[in-house]
Amino acid sequence: MKCLVIFGLIVAILASIAGYGYLLFTDLTRPLPRPEFKDDTYWGPGDGKNYKPDTKIYDFVVDVPQAEIDDLRQQLNRTLKLTEPLDGIAFEYGFNTNALAQFVEYWREKYLTKWDERQNYLNSLKQYKTEIQGLKIHYIHERVSEEVAAKKNVYPLLLLHGWPGSVREFYDFIPMLVKDQNITDNAFEVVAPSLVGYGWSDAATRVGFNAAEMATVMRNLMLRLGHKKFFIQGGDWGSIIGSNLATLYPDNVLGYHSNMCIMNTPLSILKGIYTHYYPDKVLKSRMFHDHHVGIWEQYQELLVESGYFHIQATKPDTIGAALSSSPVALAAYILEKFQTCTSPSLKQDFGAMVTIFGLEAVLDNLMIYYLNNAATTAARFYAENTSKTYRDLQLERVQTDVPMGCCRFRFDLPAASEWQLKDKFTNIKHSMYFQHGSHFAAMEMPSMLYNDFTTFVQKVGLQTE
């Protein structure tokens, strides 16, 4: 009898544990309702009590005083106090100081001496500024020609960059989108903003400006320009901002296309582990295995390469002060990310950035950070997006029926499978894998990104309204 009582107690305890585990699992994996979200928060200077919005749109031209360029050259001409790399080390310890010295010399003696040419290039796309929620937002706005408009379905497109990128990433991509291309019946009116705190856009003046707030500003920018419905394309932070926008404001989004499809919900993590061990049960082709198998090695590599994330998420003003005080430090910090985001076979190669991106493109991007003193304000975005306020929104667990497309480049961050994505995106129209390419797809492989994006739009199957 005593044994039966003990057995009954054990069964009851195990059943309680199992029941609690089931309830906990259900609570952690069930979809959440869309939160109420304020869409007109004031982020400009002061308290905004007497704020009167300026809804005008102003032309913008990059016009840097020559004195500022001369000052930069003088800073770059100072004797570099760099430590020699260890014997046999290329970029394993960070950006190689011998390569940095050569880079600084090219920046000073070649690039800056033709600044007028680079500035004209940056001005080759039409740019504007307008005030949204107290912040002056800079954006590129390229429209199709009348000839293209007569032949193609034309849709508005919001194009979103991330860190340490800028609108410079899109200078090869945008012309493809607005021109008459034989492979598609569609063309696009492109709006590519500098994110808040990046490039020539103002930075928020108070704590709390996270990806959901960024999504709101970007949506309100599109409304200001007369676009009530539009497509979104983004990578890096642009992907997360685009996802937030499609979640919070689905009625404004025709479709959302990402080249950094990540999911970090508890259920997605479990599915990722399962896919690692049983890929044939989840993936449609063995050609996709390399993107999802080897998850532990991928996360180990992510840990090695994400030190910057922890610094910017915890002490952005400290690293920002160091980078703002020295153009050489800014170069080392940003270029190291571009060097890493080439490919595993090239990231220890001294010519990798030239081969993949081109030196002028990388320097243009670096200049945008330097000229706007954006190191600190851009880094703060990491702190806001790891804050409790943003985490509590749990937007990754809020479903959206906006048409979604995903393209995965082989050497980008570990991507989510379609099985993982469908827990959030209930209307996946397009899912693609590439065996090449890395994080900065619009810079590295603009044609491939263009083909994938237009394929997604074709699958959405809209007609011009």
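Positions of Cβ are set from backbone N, Cα and C atoms, glycine also.
Whatever TrEMBL says is automated annotation, not expert-curated.
Per TrEMBL, the feature domain 'Epoxide hydrolase N-terminal' maps to 59-170. Annotation comment: TrEMBL describes D236 as active site, nucleophile. What TrEMBL records for Y382 is active site, proton donor. The feature active site, proton acceptor is assigned by TrEMBL to H439.
D236 (active site, nucleophile) and Y382 (active site, proton donor) have their C-alpha atoms 12 Å apart, to the nearest angstrom.
Note on the domain 'Epoxide hydrolase N-terminal' (59-170): DSSP counts are 47 helix, 24 strand, 41 coil. Here the CA atom of the residue listed as 'active site, proton donor' lies 18 Å from the CA atom of H439 (active site, proton acceptor). Per-residue pLDDT, averaged along the domain 'Epoxide hydrolase N-terminal' (59-170), amounts to 97 for this model.
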